[in-house]
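Participant: Checked TrEMBL, it gives:
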type	residues	note
TRANSMEM	7-26	transmembrane segment
TRANSMEM	38-60	transmembrane segment
TRANSMEM	72-96	transmembrane segment
TRANSMEM	102-122	transmembrane segment
TRANSMEM	154-174	transmembrane segment
TRANSMEM	186-206	transmembrane segment
TRANSMEM	255-277	transmembrane segment
TRANSMEM	289-309	transmembrane segment
Amino acid sequence: MRVVAYVLTVLLVTAVMVGETVLLLLTSTHREPGTTGIAGAGLGVMVYGPLMLGSVAAWWRMRDASDAGRYYRLWLIWTAVASAVGAALVVVGGVLSGTAPWAVAIVIATGVVLLAVAVPLGDRVRRSADRHREPSAEHWTPTGPGAVVRVVRITAITFAAVLLVGVVGAAVLAATVDPDLFGDTVLLAVPLAFFGAGLACALAGLRVSKNLREAAAGDIGTLRKLMRVVLRGKPESLDDTEQVAAARYAAGIPIALGIQLAFLGLLYAGLVIQQVITLLGSDGGSPMQLAILVLLVLMLAVVVPLTVVRIRRARRYAREHADLLQPETV
């Protein structure tokens, strides 16, 4: 249920973003890469911020316990602030490119609607899925090597399939429209293959995330407490049930973080290749695209070491509390 809802939502939101991008372009009097990029960045923030918020609500109870409620309010505030910044970028880009005011208004109104419905829709998906089986510590099962093999297999197959479709599509365009389109279309298929593989990697890893959800009994407040203890090494008092939950979380989170690294690597590879293709193109790209490329590399240079440190910390915690994972304690 959640996977299907997630895929459909991503497709719908992407379609909305593409449609709004076309709307902004068609109603602009002059189009420059820089101004278009400003509006596009704002549009992306306004669309994908609510998508992330709704995705979290679809997996976790965000408004039940006090700690979860505080986390929900914090997440909502940050998403609203990001959406406001995105709206400002759309306005600035629209003014600089001479976009029709009504088109800018439609884009901003759509972002407001997405932000308003994100959590209610996510809650509805979660309640519908949990109706069949309420998340509970009793449903937790260890994450074995088979889960990793499954993720790798699905990711590799998706990458090859998307790339193959891109090559075939390029060949069809070259044969029916213009032979010169083959090279450009194949180049476009490469980053798309990385994007598709990244999405497949994230979806295939949902089973691992489900085990973490069971360890925390579906409560995001409990999850945050486990994160502070296991990943950050914060000294917090845990009762007997929470100690077992922390041990289970520590046993599964290294695999989940590894999958997250793979997802980010594929996503960033696609983005970097996309920017490099543009920079090496006939127009030479723009300074903004070069800045985006440098920013992507810097962000990855920060995220990867931090994630590796957390993986090692979680593995150490799991080793030190391995006795809590024995059958008599679970």
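Any Cβ shown, glycine's included, is placed from N, Cα and C.
In the displayed structure, how are the listed features positioned relative to their neighbours?
Facilitator: Listed by sequence, the residues of this chain that lie at least six past the ends of the transmembrane segment (186-206) yet keep a Cβ under 8 A from its Cβ atoms are 2-3, 6-7, 10, 150-151, 154-163, 165-167, 169-170, 256, 259-260, 262-264, 266-267, 269-271, 273-274, 277.
Below 8 angstroms of C-beta separation, residues 143, 147-148, 151, 155, 159, 187-188, 190-195, 197-198, 201-202, 204-205, 208-209, 212, 285, 289-290, 292-293, 296-297, 299-300, 303-304, 307, 310-311, 314 of the same chain, each at least six residues beyond the ends of the transmembrane segment (255-277), sit close to that stretch.
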Participant: Considering only Cβ pairs under 8 Å, which range in 38-60, 102-122, 154-174 makes the most contacts with the transmembrane segment (72-96)?
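Facilitator: Result: 38-60.
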